[in-house]
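**Q** Right, I'll just put the structure down here and ask away after.
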Amino acid sequence: MISKSKTAAPDIDKLTKPKAKVELMRLRLAIEGHDKAYYQDDAPKIPDADYDALRRRLEAIEAKFPELLSASSPSQTVGAAPARGFSKVQHAVPMLSLGNAFSDDEVGEFVERVQRFLKLEDIPAIVAEPKIDGLSLSLRYENGTLVRAATRGDGFTGEDVTANVRTIADIPTTLKAKTIPAACELRGEVYMLKHDFLALNKRQEEAGDTVFANPRNSAAGSLRQKDVAITASRPLKFFAYAWGEMSDYPMESPTQHAMLAWLGDAGFTVNPEITLCHSVDDALAFYRRIGEQRAALPYDIDGVVYKVDRLDYQARLGFVSRSPRWAIAHKFAAEQAVTVLEKIDIQVGRTGALTPVARLQPVTVGGVVVQNATLHNEDYIKGVGSDGSPLRDGVDIREGDTVVVQRAGDVIPQIVTVVLDKRPADLPAYKFPHKCPVCGSHAAREEGEAVWRCTGALICPAQAVERLKHFVSRLAFDIDGLGEKQIVLFHERGWVREPADIFTLKARNAELKLEDLEGYGETSVRNLFAAIDARRNIELNRLIFALGIRHVGEGNAKLLARHYGSIDVFLAAMRAAAEGQTPEGNTSEAYQDLDNIAGIGDVVAEAVVEFFAEPRNVGALDALLREIEVLPVEQAKQDTAVAGKTVVFTGALTKFTRDEAKAAAERLGAKVAGSVSKKTDYVVAGEDAGSKLTKARDLGVAVLTEDEWLALIG
């Protein structure tokens with residue numbers, strides 16, 4: 001594959017509908033991934049500003065092409081789905097996110113929109129609140145007693161953390177106010193004081209446990225513990241500032257400000273900095289004052305939230321898809337400091353991604369000592385943003401530069417500016433490595449991507465464990481008794497470094513002595529070796545899938561296997577295609593044949609050729625092939641009753657396994673799909689068939705029992 005410079009993202013006005021559709025798909029996937037990292041994993045991967053830029057471009061494209069708007073788009077949803085491990089809780093009133101303002105003008109525009117919507121001549125009273133950087137929480141009280149606590153989750157469904165919340169001293173188990181609704185959902189933010197965070201991290205480090213990146217992550221991670229005792233040991237705090245369902249309000253003509261006072265009477269801690277403003281100037285003055293005090297505050301804030309004070313106005317204003325019209329968040333710029341970038345190191349992730357990391361002269365940013373900063377990728381170093389537009393006015397980053405570092409969103413240290421006046425005249429530009437620093441294999445960058453990846457999939461130590469886990473997975477070699485746990489153990493001991501090593505374990509066991517391992521004995525070792533031997537004969541599609549080539553899943557592996565038919569033909573074609581690679585592209589007949597396979601295309605074809613262009617991969621595969629036999633593909637029949645038909649299997653099958661049914665259908669020339677559509681020809685329904693059966697009936701698709709299917713295929 002040829003490395004190509006990332007081109008600037010096209011102006012939205014110039015986007016065609018097909019290109020807009022592709023970019024929306026890319027943006028939605030990126031945002032969903034970052035939402036999961038933030039809301040589920042408590043480990044954000046990019047700065048708030050970069051995330052906000054992705055969202056703004058998504059929303060702008062959707063505004064131009066409203067017909068491409070999807071109900072599942074991040075612009076229409078909030079947060080991320082609840083993580084596994086906690087019971088799910090449905091919020092009676094959704095916990096939506098807030099729209100953002102990034103300038104004084106945008107705050108003024110927010111107030112003007114409110115006035116126009118309500119047809120007011122005067123500016124309505126606005127409550128200004130510090131935006132606490134923590135974890136949103138909803139508390140349900142019935143007859144004044146706490147009955148349930150839930151995280152925000154995706155805004156509609158959260159995680160039940162009631163037991164953990166009962167350990168937080170700031171949260172009353174019984175409301176104390178004179179007037180208490182029969183049922184109410186009270187909301188706020190779980191957070192950790194800065195000095196408590198530093199003390200916790202010190203204890204974690206001394207104990208050899210994970211240290212947290214910032215107070216927000218520590219608060220979220222502490223609350224979402226399966227062991228309540230761990231949560232109880234953590235110094236969590238809570239500010240109350242909102243509510244959801246209320247069976248009745250505890251006052252006549254309620255306002256935001258009055259409700260906050262009631263929350264204080266009920267036993268909650270309410271932020272003492274909250275201020276009632278009567279003009280845009282008042283609101284902006286509060287923003288600047290609290291911003292100046294930010295470093296001295298005992299807790300982290302990342303902005304100010306403005307809310308219309310009168311609740312009847314809030315009710316009239318209502319909501320847009322994912323945020324209220326009556327509130328907006330005014331974000332702070334990140335805290336910054338100046339230091340020297342001493343070195344750029346390259347880290348290799350488990351998927352082979354080469355990620356540059358800046359090693360800095362230690363500097364304090366926002367009260368935290370920073371020594372490293374993310375550089376994201378080659379484009380970021382060169383001064384090119386994630387959307388192709390210039391970063392830092394297009395100025396690149398070099399080893400030895402004096403740089404401005406910020407903790408973006410008080411989370412991830414990031415280089416935002418280079419001080420060019422201090423750059424030595426002879427300082428060379430940084431050259432991103434085109435070889436993996438771990439294994440020496442060449443690195444490749446796909447067109448349209450910013451990431452360079454190591455192509456030494458089978459031999460790179462940085463990727464080895466994940467690749468080996470994939471190699472023995474169910475759809476690959478599927479070796480009984482050799483799962484993830486065993487792979488990790490054998491790799492740590494140096495016994496299995498590449499796939500061929502699995503098949504030489506038996507021959508080496510006189511030296512290794514697997515039977516001496518804890519949990520093993522002569523019988524279990526004998527059974528393991530028998531299971532390995534049983535997989536010395538493998539179907540071509542399973543082998544191709546097992547190689548872990550990027551973009552080659554189960555379906556593409558089958559397409560390749562059917563096209564080439566045998567391992568010898570496949571290898572000869574791949575070697576010829578790899579030899580045809582040139583800086584100008586690949587015009588070899590072998591590559592064109594690969595690229596023209598129905599369902600493959602450029603992206604998959606280039607990934608396959610990159611794999612075989614790396615000699616170390618070929619060497620590892622040759623070593624594997626000396627230990628196994630690859631079975632030729634049984635060509636699908638074309639003269640059967642189901643040849644060319646699309647079939648979906650659903651429900652519990654009793655006469656064959658799902659894999660057996662799928663394989664039999666494919667041998668007879670049918671295409672097996674995972675979902676029902678108008679293009680589906682048959683749905684084979686077993687016991688307890690659910691939504692797929694219902695959809696098939698709604699669409700008029702032919703539904704067969706197992707017996708009817710067997711009769712059809714003879």
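Using the three backbone atoms N, Cα and C, a Cβ is placed for every residue, glycine included.
Features from Swiss-Prot:
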ACT_SITE  Lys131  active site, N6-AMP-lysine intermediate
BINDING   Asp48, Ala49, Asp50, Tyr51, Asp52, Ser97, Leu98, Glu129, Arg152, Glu189, Lys307, Lys331  NAD(+) binding site
BINDING   Cys436, Cys439, Cys454, Cys460  Zn(2+) binding site
DOMAIN    637-714  domain 'BRCT'
**Q** For the recorded Zn(2+) site, whose residues are Cys436, Cys439, Cys454, Cys460, find every other residue on that chain with a C-beta no more than 8 angstroms from the centre of their C-beta atoms, and list them by sequence position.
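**A** Other same-chain residues near the Zn(2+) site: Val348, Gly352, Pro437, Val438, Gly440, Ser441, Ala443, Thr455, Gly456, Ile459, Pro461, Ala462, Gln463.
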**Q** Within the domain 'BRCT' (637-714), count helix residues (DSSP H, G, I), strand residues (E, B) and coil residues, in that order.
**A** 27 helix, 16 strand, 35 coil
**Q** Just to verify a number: CA distance, Cys454 (Zn(2+) binding site) to Asp50 (NAD(+) binding site), in angstrom, no decimals.
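**A** About 26 Å separate the Cα atoms of these two residues.
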**Q** Once near-sequence residues are set aside, which residues in the chain of the residue listed as 'active site, N6-AMP-lysine intermediate', 6 or more away, have Cβ atoms under 8 Å from its Cβ?
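**A** Result: Ile301, Asp302, Gly303, Val304, Val305, Ala329, His330, Lys331.
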**Q** So if I draw a 10 Å sphere around the Cβ of Leu98 (NAD(+) binding site), how many other Cβ atoms end up inside it?
**A** 18
**Q** 10 Å Cβ neighbour count around Cys436 (Zn(2+) binding site)?
**A** 26
**Q** Give the residue from the binding-site residues Asp50, Asp52 that has the most other Cβ atoms within 10 Å of its Cβ, counting over every protein chain displayed.
**A** Asp50
**Q** Taking the Cβ of Cys439 (Zn(2+) binding site) as the centre, count every other Cβ atom within 10 Å, in any protein chain shown.
**A** 21
**Q** As a test of reading the model: what is the averaged pLDDT for the domain 'BRCT' (637-714)?
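**A** Mean pLDDT across the domain 'BRCT' (637-714) comes out at 83.
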**Q** Check the Cα-Cα distances from Cys436 (Zn(2+) binding site) to the binding-site residues Asp52, Leu98, Lys307 and tell me which is shortest.
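**A** Given the candidates Asp52, Leu98, Lys307, the nearest one is Asp52.
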**Q** Where does Cys460 (Zn(2+) binding site) sit by DSSP, helix, strand or coil?
**A** coil
**Q** Sorry to bug you, but what's the C-alpha spacing from Cys460 (Zn(2+) binding site) to Lys307 (NAD(+) binding site), rounded to the closest Å?
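**A** Given the Cα positions, Lys307 (NAD(+) binding site) is 53 Å from Cys460 (Zn(2+) binding site).
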**Q** Under DSSP, is Asp52 (NAD(+) binding site) part of a helix or a strand, or is it coil?
**A** helix
